[in-house]
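**Q** Pasting in a structure now, in structure tokens, and then I'll have a few things to ask.
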Amino acid sequence: MCVWVQVTQCCPSTIVENRILTLSWKLPCLLQLTGVLDDCFCDVESIDVFNNFKIYPQIKKLTERDYFRYYRVNLKRPCPFWPDDGHCSIKDCHVEPCPESKVPDGIKSGNYNKVKANNINIYFIFLNQSKEAFADWTRHDDAQDHFCELDDETSPDAEYVDLLLNPERYTGYKGPSAWRVWNSIYEENCFKPRSVYRPLNPLAPSRGESEASACLCLEKRVFYRLISGLHSSINIHLCAEYLLDEGWGRAVWGPNIQEFRLRFDTAETKGEGTRRLKNLYFLYLIELRALYKVAPYFERAIVNLYTGNAEEDGETKELLLRIFNEIKTFPMHFDEKSMFAGNKIEAKTLKEEFRLHFKNISRIMDCVGCSKCRLWGKLQTQGLGTALKILFSEKEIQNLPEHSPSKGFQLTRHEIVALINAFARLSTSIHQLHNFRLMLKEKG
């Protein structure tokens, strides 16, 4: 079942913003990244202006708030697909867990029992709720379809991590162990044309990918581009926060232009670098669309992003709603209604295949040998999985009650934190990409 969409162009940006943008785009053939994106209605330039001037500064501040900086994760789950290669012994691969004494009391309060996990752990304050409502909510939560393999937050191996103290950066983790993860994602768990050859080393260019991917129907093309976009985003983070020097006992991190060229230069990748970056923009639009769709869920008066500090919580929600309002001003989002249309039986089968493929990819994150890479891989796949869950729950979100919990749609705090941080990573990638363009322009 294939569905095609018509591509149109976004509304033009302001004259001042376009002038700034144009200066950064006058590059040699290294990065001819411009124009409309396939399978959606927007152009790269409009996304750059919108993200770098309006979204990035605010989403960066939001992820520094207490509600979004603490993430509970189990980094000790065994790899379910192949024997454990052993964890990375490089010191920068290590994740420093956060002592629970440092975690706000309101965040810790959600791990006592099932009823509280459905009430307090989401940090919404619901008044005058009956036991029957809680029971219904719990049953729906247990039966709800998820796009990710969720960690058991009650496991003794699950720990809180302060994301600000464990930033995503290049740790030195590479080689066969790292390649095997991406190879398994692309070769075994990702919709792709059979004619596409991706060697074990994901940095090596594929053959015929651009032509062959056009043969996939929209849903499978979307899935492939999501994974490629996620891969590109992670690679940009690693290039932008690269270990440049360990001299005198103090590590120096910063942008590595040569590493960036290796992964995205059209000459180094036989033309595929630009396509990889366009997939990053495509993924950005998908998650942007999910935030637009889920805004009504958070705009209700009963929603409180609860940490136990009333002033902090009010400021956090206010900032989140400002970001939602900015997102509403963006004129062209990805149109998910074109997906899974047509024959209902075929659409249902394809949607379930789509979900199971992505859920399997989330399980592969437990095979990453570097703990810090595993942390950010799990968080970003969880965030994307939550975005997909939102896009496929439009009717449930539209029918949300204003003053009571929803039986048809809900998000746990774990999903909320992953959703916002994953989008923040994409926003950061586009911002860092702009910085790389400026550096490359200066070098000529």
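The count begins at 1 with the first shown residue.
Placement of Cβ uses the backbone N, Cα and C atoms for every residue, glycine included.
Residues or ranges marked as disulfide bond in TrEMBL: CYS88-CYS93, CYS370-CYS373. The feature FAD binding site is assigned by TrEMBL to ARG169, THR171, TRP182, SER228, HIS231, ARG263. Look at TrEMBL and you will find CYS370 tagged as active site, nucleophile. Among the features that TrEMBL reports, active site is placed at CYS373.
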**Q** Can you tell me how far the Cα of SER228 (FAD binding site) sits from the Cα of CYS93 (disulfide bond), in Å?
**A** 24
**Q** ARG263 (FAD binding site): which of the recorded positions CYS88, CYS93, CYS370, CYS373 is the nearest Cα neighbour?
**A** CYS373
**Q** Among the recorded positions CYS93, ARG169, TRP182, HIS231, which ones place their C-alpha within 10 angstroms of the C-alpha of the residue listed as 'active site, nucleophile'?
**A** CYS93
**Q** Taking the Cβ of CYS88 (disulfide bond) as reference, which residues of that chain separated by at least 6 in sequence fall under 8 Å from it?
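**A** In sequence order, THR171, GLY172, TYR173, GLY369, CYS370, SER371, CYS373 meet the Cβ cut-off.
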**Q** C-alpha of CYS93 (disulfide bond) to C-alpha of ARG169 (FAD binding site): distance in Å?
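**A** Between the Cα atoms of CYS93 (disulfide bond) and ARG169 (FAD binding site), the distance comes to 9 Å.
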**Q** Just how many other Cβ atoms lie inside 10 Å of the Cβ on HIS231 (FAD binding site)?
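**A** By my count, 19.
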**Q** How many angstrom lie between the most widely spaced Cα atoms of the FAD binders ARG169, THR171, TRP182, SER228, HIS231, ARG263?
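**A** Largest Cα to Cα distance for the FAD-binding set is 21 Å.
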**Q** Which residue, out of the binding-site residues THR171, SER228, shows the minimum number of other Cβ atoms inside 10 Å of its Cβ in this structure?
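**A** Each of the binding-site residues THR171, SER228 was scored; lowest Cβ tally within 10 Å is THR171.
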**Q** In the structure shown, which of the recorded positions CYS93, CYS370 has the fewest Cβ neighbours within 10 Å?
**A** CYS93
